[in-house]
């Protein structure tokens, strides 16, 4: 007895895309590629393509859908580019292209490419079909044969192609048409709009097909049940009591009932049914064939209009023998003439054919599982069956009495008939009307006779028997015995063992409903989400439909070990026959493996593996289809015959799944655990080598596929172009980052001022361009001041007369620095050495740049531009300005002045007096040593400053997100070149 889920069938939404493509393709060779991953990797290839190309399915998985791995030296480059453009533009197109098989045999293919869309109208897959057209193309290699040679070559090619097609053709059952044409090519020619979509959808039915579990069909079945009982009651009554439908109302009612049953036959040709595997069959052809083979003939015979045939009989002739319509028909009649008896026989024949209508009870029998799902309905049906049996027995009991009351030999009434006794008891005896109609009249009415007959059969069936109506003749006694026997059986079966019947017949159903109630209570108690609850309920229904409530493990435990192993081999026979890895296994090895296999049933949407879970099982797909999802992209579609998991026999560690494996349809998987498989392989060493060599995983969950999405590539390209076209980032003068730089500069100036208090100021300032040299005892006519700095310099000459008498130095100073020379602090400056003097010079340079700092931001670009035009500039190195100004230390003793070498003003020349060489070398070494130490300290500080700046910029960016990007990242020019060097000099 089937339960509600089995009666309804498996109706959960499924992704039947792969099944639809395979069903439509027949002998077509095709591959499926992911349209959302770079290079469009292959996620599925059918057996036809594998045999045509020579590659195994595992070898072509994840390769490009353009089949670039099959290109060769003779493949046309333009066609390759057209194929790639078709993929990039998501178009439908077809090409003729020369490609190479795995053994490098060149073959001409006719390739058709079609995009597959999902429910969001987004292209997610590419369908590529391949047809071998080598026989219809020019020979690839030079062939000298002509004429009949070409014809022979063409014939040979066509013959081989037909042989391949016959090999690729699936096995068909006996009587099935083998020569099926592929519908996939026709679909591709019509366009991509009618291609199946890759999405979850409920089982679809054609518009003229009715679901057997819909509300309309359920209501119709209950109406048919009521009309069937109506037929089962009236047909025996009309046949037994020989009533003629002279009443037009009854004739119309019976005709309407016949029409309804004819309509039911038509509906049965358009109603789905549940297949042997629990699936809903909605194919019109299969529905028609199934109905014609089962109940069509019986339903047709039960719907013939027998009342209409009887209506055309001679009503007057028949009425002559009927007598009073309120009395019984033939029990009180004189024997009719011969021709009347013949007409009566024909009428009785058609009346007897009404019994065929009782075949309508077959509708109740085949739909009994629809009605017994409800306890009250079962009880009502049982009572109705008992009452219907009593009704039939009453009709037969009256027919016996009607036959026995008239004596054919003496033409008299038998007074030992139960009808005669009934007539005498109720005071309506039979009387012969000799002067009138010449017939027997009187007797009990039909209603009294039927009620009395039903009373007698009921008392006999229940074994009560009051005795007021008793059989008298031999035939009546025999029938009474039969009634008692049948009654005892019915009474004991229906009333005495109702509980036992329910327990035996509906034990699985009760267990099924008990389990469903427990699951519903559990889901309600723990408030499981609605979507997950529906998945759980659908899984339970589908699993029960497949197993019929039978506990396989419990049954196997009952059987002995040898028998259990044989059963397991039979249950896993599909895996052992389809995969070559098991061909060399011995019987003992197969039995050991079969004992370890488990059968798993999965509903649509179930996840077999989650990403990150341990892969501890090897799974073989027996039926259904699954998808492998990595990073929200479908990287593989698995179907019948595929294997996924991990190569346990080659890896020492337990793998983690790199992808999700989700069922698209109802799937049956045969699973073997890692430990169990390794145990068998360790024991059967010879088989282990063959198994590891021949078993090829369609998808290895241990390996992660590295790919780039086309959408990511496009987004990166757009961002790169956007950054390329963006304006330079500029900070406004009052920006917090700008203020932060000024604050760092002020702290540095304060630190330098503190260090300057204890050092000498009279040392050479190489970086600022001021060099102090001692004169020799030779008198000179004049002294020169040469300015070496980033701004344009102007040499200022002092005549000898204007210089003090005790002047021993020639000073190189900046313009306008006459009043900025050493003053009262000269004694402190004399104590300072090396790099301290350079720092002091830096401080003086800051004083010199007061004018530039006072300038507005509007005049800053012009001054910077003028400074950029200077011939002599300060570099980023720590070398002195002397070397940059071409004042070489090895030439200081020459008699010419430094203006001879100065690039500033060549026309103004001044004398340059030599200084002691050892003093300069000592100063330079000291400067070099201090520079190294300061550079290290500055590098450390700049590293920490950069980290702080990065954090500050991140905070400011988040706080000022409401501002425009141009305002946020706008950087203004520094206030002066010196401040810019102070901040960014170390970088």
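FYI, residue positions are counted from 1 along the chain as it appears here.
Each residue, glycine too, has its Cβ placed from N, Cα and C.
Feature annotation from Swiss-Prot assigns topological domain 'Cytoplasmic' to 1-220, 270-290, 369-377, 499-987. For 14-94, the entry in Swiss-Prot reads domain 'PAS', with the evidence type sequence analysis. Sequence annotations record features per position, and here Swiss-Prot assigns domain 'PAC' to 93-145 based on sequence analysis. The region 'Required for phosphatidylinositol bisphosphate binding' annotation in Swiss-Prot covers 151-162. Under the heading transmembrane segment, Swiss-Prot lists 221-241, 249-269, 291-309, 346-368, 378-399, 478-498, citing similarity to another entry as support. Here Swiss-Prot flags 242-248, 310-345, 400-448, 471-477 as topological domain 'Extracellular'. The N-linked glycosylation site annotation in Swiss-Prot covers 415, 433 and rests on sequence analysis. According to Swiss-Prot, the region 'Calmodulin-binding' annotation covers 673-770. Annotation comment: Swiss-Prot describes 922-962 as region 'CAD (involved in subunit assembly)'. Residues or ranges marked as region 'Disordered' by Swiss-Prot: 960-987.
Per-stretch counts of Cβ pairs under 8 Å to the transmembrane segment (221-241) identify 378-399 as the leading one among 249-269, 378-399, 478-498. The 10 Å shell around the Cβ of residue 415 (N-linked glycosylation site) contains 13 further Cβ atoms across the protein chains shown. Only residues 6 or more beyond the boundaries of the topological domain 'Extracellular' (471-477), in the same chain, are considered here, and those with a CB under 8 A from a CB of the stretch are 397, 400-401, 403-404, 414, 416-418, 421. In three-state terms derived from DSSP, residue 415 (N-linked glycosylation site) belongs to neither a helical nor a strand segment and is classed as coil. Taken as a whole, the topological domain 'Cytoplasmic' (270-290) shows an average pLDDT of 84 in this prediction.
Broken down by DSSP into helix, strand and coil, the region 'CAD (involved in subunit assembly)' (922-962) contains 38 helix, 0 strand, 3 coil.
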